[in-house]
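As listed in TrEMBL for this protein:
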DOMAIN    9-165  domain 'Peptidase S26'
TRANSMEM  12-34  transmembrane segment
ACT_SITE  Ser39  active site
ACT_SITE  Lys82  active site
Amino acid sequence: MQITKQEVREFFESVVIAGVLAFFIITFVAQSFVVQGESMEPTLHNGERLFVDKVSYRFSNPDRGDIIVFSPQGSPGRKYIKRVIGLPGDKVMIRDKKVYVNGTSIKEDYTLEETLGNFGPYHVPQDHLFVLGDNRNNSADSRYTSLVGFVSYSDIEGRAFWVYWPLDEMRIIDHEEYKRIN
């Protein structure tokens, strides 16, 4: 069987089209991310692979409870995954093992254990977020300003939405919905 020039050309056209599509999808639509560490336990586990939605935040801002992937100012080149707790203009503090946003204690059924220590208050600047890991006592997050600090909207990669590996743990990620906090 002999391969014709037409078949070679069609093959290379297919490879180029696939490459352009892959670039477009990874750049603008969705991206794979590997969870590293235990800071999001019990929600996300070390080594899990998930997809990050890169489209949603082009049309709306993150909400409290969203799990986001971002590159913090204090650690360029690294990507973190954390839960959004505070929005621009919010006052966030941790007192007596509870997280308060604008003076209201938020219910957090997803955390691994109670938060040790008192932190804040933190006043979230415009176009920034305050984020925490679900494993509060083992998380580098917005409490640590030299490492992570407030997360700028421009540093957000996207919203975590689907764990695809390992297969027996495949699931849509549940983003906590908080009651309205003023």
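Backbone N, Cα and C define each Cβ position, glycine as well.
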In sequence order, which residues at least six apart in the same chain have a CB under 8 Å from the CB of Lys82 (active site)?
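In sequence order, Ser39, Met40, Ile67, Ile68, Phe70, Val131, Leu132, Gly133, Ser139, Asp141, Ser142, Val148, Val151 meet the Cβ cut-off.
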Give, as a single whole number between 0 and 100, the mean pLDDT over the domain 'Peptidase S26' (9-165).
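Across the residues of the domain 'Peptidase S26' (9-165) the model's pLDDT averages 89 on the 0 to 100 scale.
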